[in-house]
Amino acid sequence: MRWFGFGFNAFEQICVHGKVTEDAGSDVKVTCPTELKSHVETSSCCLKKPGEIRASWSRRASLHLDGDSCVCLAGFVTATSVESCGVSGPKTCGCTDAVISEYHLTLTFPGRVEVWDIQKKESTPKWSMEINTQSDHTLKLPLVPGGYITNKPPFYHSLSPCLKAKSLALGAEHALLLCVTGDVYTWGLGSHGQLGHGGLTSEEEPRAVEALCGMPMSSVATGGWHSVCISAGGDLYVWGWNESGQLGLPSQGVRKALQQNQHTQQGNLGQEVKSSEEELQEVEKLKEFFISIQAFPALLDVTPSCEIKAVSCGSRHTAAVTTTGDLYTWGWGEYGQLGHQTLMSSDEPQRVEFFKEQQLRVVEVVCGTWNTFAAAIKEELSCS
Amino acid sequence: MKTSSSVAQLWPQISAALPASEDQFLLLFSDTVESSVLDLLKRSRRHLYSQTSNSSLSLNAQIVLDYSWEKLNTGTWRDVDKEWRRVYSYGCLFKVAALCRGGPSEDELRQAIRTCDMGLLMGAAIMDNILQVIVGILQSQFKKSCEDGDDQGQPEVKRMKTECPLVPVIREELAVPRVKCPSLESFKTNYLLPLKPVVLEGVIDHWPALNQHPWSIDYLRSVAGCRTVPVEVGSRYTDEEWSQTLLTVDEFIDRFISNEAKGLGYLAQHQLFDQIPELKEDIRFPDYCCLGEDDEDHITVNAWFGPGGTVSPLHQDPQQNFLAQVMTPQQHLCQFQTSSRHEHVELANQVEVESPDTQRFPEFSKAPYLECVLQPGDVLFIPVQHWHYIRSLELSFSVSFWWS
C-alpha cells in the first residue's frame with residue numbers, strides 16, 4: 001500500500017521542496033498526487049511504509065502500528081529539532097493510536113492517554129490520564145472509554161454511556177458522533193448549519209440528528225464547518241457551510257471564481273469577453289439556486305451508481321473513496337488539495353484522475369487542514 | 001494605464017512608512033498564535049526586506065491571510081482572539097507590499113486599496129495603524145492616476161431616483177419638539193436630564209459637510225469611491241432575505257443609489273470616519289456631548305447612508321444618541337414604551353411600526369409616540385433606551401454619535 005499526498009506543502013509535510021527557487025508556488029501547492037517518501041533515512045522505523053496517516057495544518061504524522069509501533073512526524077518542526085521519530089520530544093514507542101493538531105500530539109497507550117506539546121521539545125507529556133482499555137479496544141481517538149480528548153485544556157470530556165459512542169469527529173467549533181446503533185449526534189456551535197438540526201443555534205449537549213433517524217450511518221467526518229456521513233448503504237449525506245463548495249452543492253463563490261477564470265482565459269486568447277457587470281448580473285439572477293448554508297442533511301450524489309466506502313474532510317474540502325477504488329474530491333482547491341492539477345475550487349465532486357491513470361485503486365483517504373492523503377494499491381493485485 | 005512617474009514614487013513612500021530594517025519590524029504575539037504561523041510571518045518579513053521575488057512574498061502573505069481568516073470565522077466574532085485579527089492585518093500588510101513593490105497597474109492598486117480596507121475592517125491595528133497610513137498613500141496615488149490616465153473620462157452623473165417622496169405631515173401633538181441652538185444648560189435641564197427627545201436646529205451649520213465641502217454623491221465618490229465598506233442588503237435586518245456584503249463606495253452607489261435597484265442596500269452602523277479620515281474632517285462632535293462623562297475618544301460615531309426606503313427596525317440604543325442629518329430628509333419615528341420588558345422585545349421583533357397589528361398588540365395604539373422628519377442640518381436627540389424606528393424618505397446620509 002502506497003500513500004500519496006497533494007495540497008498544502010509549505011512545511012514540506014508532503015514532499016521536500018525542490019531546488020528550483022523561482023517557482024515557490026509549486027513547492028507550496030502540490031497539485032498532483034505525490035508519493036510520500038520517508039524523510040529520515042537513518043531511522044529504521046521510518047523505512048517502513050506508514051500504516052496510517054494523521055495530518056494537521058503544518059504537519060503529517062505517520063503511524064506505524066505493528067510490532068514496535070511508533071509515530072513519525074513530518075512537516076513543521078520547531079527550530080530546536082530537526083529529527084522526528086521520538087528521539088526527543090514525544091516518546092511514541094508502543095502507542096496504539098495518535099491524533100495531531102497544531103499544538104499537540106495525542107497518543108493512546110494500553111491503559112493511558114497522553115497529550116504532548118509539540119511546539120516545545122519536552123521529555124514528558126503535558127497531560128495524561130489513565131483509561132480503561134479493557135472495556136473497548138476498538139475505540140479510535142478522539143474517543144477514549146468514557147469520553148473524548150480535545151485539542152485544548154481541559155483535554156478530557158466525558159460522554160454519557162447511553163450514547164454508546166462508536167466514532168467521533170471534531171470540527172473547528174462542533175462535534176459529530178456516530179453511535180453503535182447507527183444514530184448520529186451533534187453538538188457545539190451551529191452558526192454555519194453544521195449541526196444539521198435545521199437552524200443556526202448552538203447545542204451544549206449531544207442532540208440526535210433527527211433527519212437521519214431510521215437510517216443507520218456507518219462512518220462520520222467533519223471539516224472546519226461542515227459534517228459528512230456515510231450510510232450503511234453507501235450513500236453520502238452532507239450539511240453545514242458551503243462557501244467553497246465543500247458540500248458538493250452549488251456555491252456562488254465557486255461559480256464566480258470559475259467565471260472570472262474563464263474571463264481571464266478568454267481575454268488571453270483574444271476572444272470576446274462579456275463585461276464583468278453582465279456576468280455579475282447572470283450569477284445574481286441565479287441567486288436562489290446557490291446554497292451557502294445547508295442546515296439539514298442533504299443526500300449528495302457523488303457519482304451515479306457507486307457506493308462510498310470512506311470519507312474525510314479538510315477545513316473546507318471533502319474527499320471520498322468509492323467501493324470501486326476511485327477518489328472523488330470537491331470544495332476549496334486553492335492549495336491543490338483537490339488533486340486535479342489545478343488551483344480551482346469545485347462545488348461538484350470530481351474524480352482524481354491520477355489514480356485511474358496510474359492503475360491504482362484507492363483504499364483509504366485522510367485529509368489534513370489544506371491537503372489530502374490517499375492510500376492506494378496496484379489494480380492487478382486487488383480482487384475485482 | 002501608462003506608468004507615470006508618480007507610480008515610481010509609490011513604493012518609496014510606502015517603504016518610508018515601514019520600519020527601516022528587518023530587525024526593527026517586530027512580530028510579537030501571544031501563545032495563541034502557533035509557532036508554525038509565526039514561522040510563516042517571519043518568512044514573509046524576510047522576503048519583504050530582501051530582493052526575493054514578489055511572488056514568494058505574495059504567496060506567504062496569502063497563506064497567512066487564509067489561515068487567520070479561518071480563525072476569524074471560528075466561534076463567535078466576539079470570542080475571536082485579537083491576536084488573530086492582528087495576524088490578519090500583517091497578512092494584509094505583506095500582501096499590499098507584494099502588490100505595490102513593482103510599479104503596480106491600476107488593477108493592482110485597486111486590489112491593494114481593497115486589501116488595506118479588509119485589514120481595517122476585519123483586522124486589528126498594527127504598527128501604529130500602518131494600514132491606515134498606507135491606504136492614504138494609495139488613495140492619493142489612485143486619484144493621480146485617475147486624473148492622468150483616464151481616456152474615457154468620468155461618465156456623466158447617472159440619473160438618480162428623483163421622484164419627490166411624499167413628506168408626511170406631522171401632527172402637532174405628535175411632533176418631536178424643535179429648538180434652535182439651545183444653551184448647554186437649557187438642553188441639559190429641559191431634555192437631557194428628563195430624557196426627552198428634541199430636534200436641535202442650527203447646531204451643525206458650521207460643519208464643512210454642510211458648507212465648504214457639501215456632501216453629495218459626487219463628493220463621496222471622489223473622496224471614498226475606491227474604498228471597501230460593509231453594506232446591508234435587503235429590506236431590514238429582521239427579514240430572512242437580509243445579508244451583508246462588502247462593496248466599494250462606487251459599487252454601492254452604482255448598484256443601490258444611481259440605478260433602479262431591485263433590492264435595498266444600506267451602509268448602516270459603520271464607523272466610516274475611522275476608516276476614511278477625509279470624511280471625519282467634514283464633521284464635528286456636537287457641543288452637547290461635553291455634558292456627558294466620556295471624552296471624544298469614547299464616543300462612537302457611525303455613518304448611515306442609503307437610498308430612500310431603508311429601514312432601521314424598532315430598537316433601543318444603550319447610550320444617548322445624537323443623530324445628525326447631512327443629506328436630504330429622513331423620517332424618524334420615536335416610540336415610548338411603558339410596558340414591561342418582555343413586551344418591548346416582542347414588539348421590536350414583530351411589530352410593523354407603520355401598520356401595527358393593534359389586535360395582537362392592543363397596548364401599541366395607546367402607547368404615546370412622537371415623530372419627526374429630519375432635514376439636512378437637523379440633529380435629533382434620542383435619549384438612551386428610548387425605542388425608535390427610522391425610515392429614509394429619499395437618499396439620506398446621517399451621522400450618529402453614541403455618548404454617555
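Start at 1 and count along the chain as shown; that gives each residue its number.
Each residue, glycine too, has its Cβ placed from N, Cα and C.
What you see is a predicted model, and the numbers here were worked out from it, not measured in a lab.
Positions annotated as repeat 'RCC1' by TrEMBL: A:182-233 (among others).
Per TrEMBL, the feature repeat 'RCC1' maps to A:234-324 (among others).
Residues annotated as repeat 'RCC1' in TrEMBL: A:325-378 (among others).
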Counts by DSSP class (helix H/G/I, strand E/B, coil) across the repeat 'RCC1' (A:325-378): 5 helix, 27 strand, 22 coil
Average pLDDT across the repeat 'RCC1' (A:182-233), rounded to a whole number: 96
DSSP-derived helix, strand and coil totals, residue by residue, for the repeat 'RCC1' (A:182-233): 3 helix, 23 strand, 26 coil
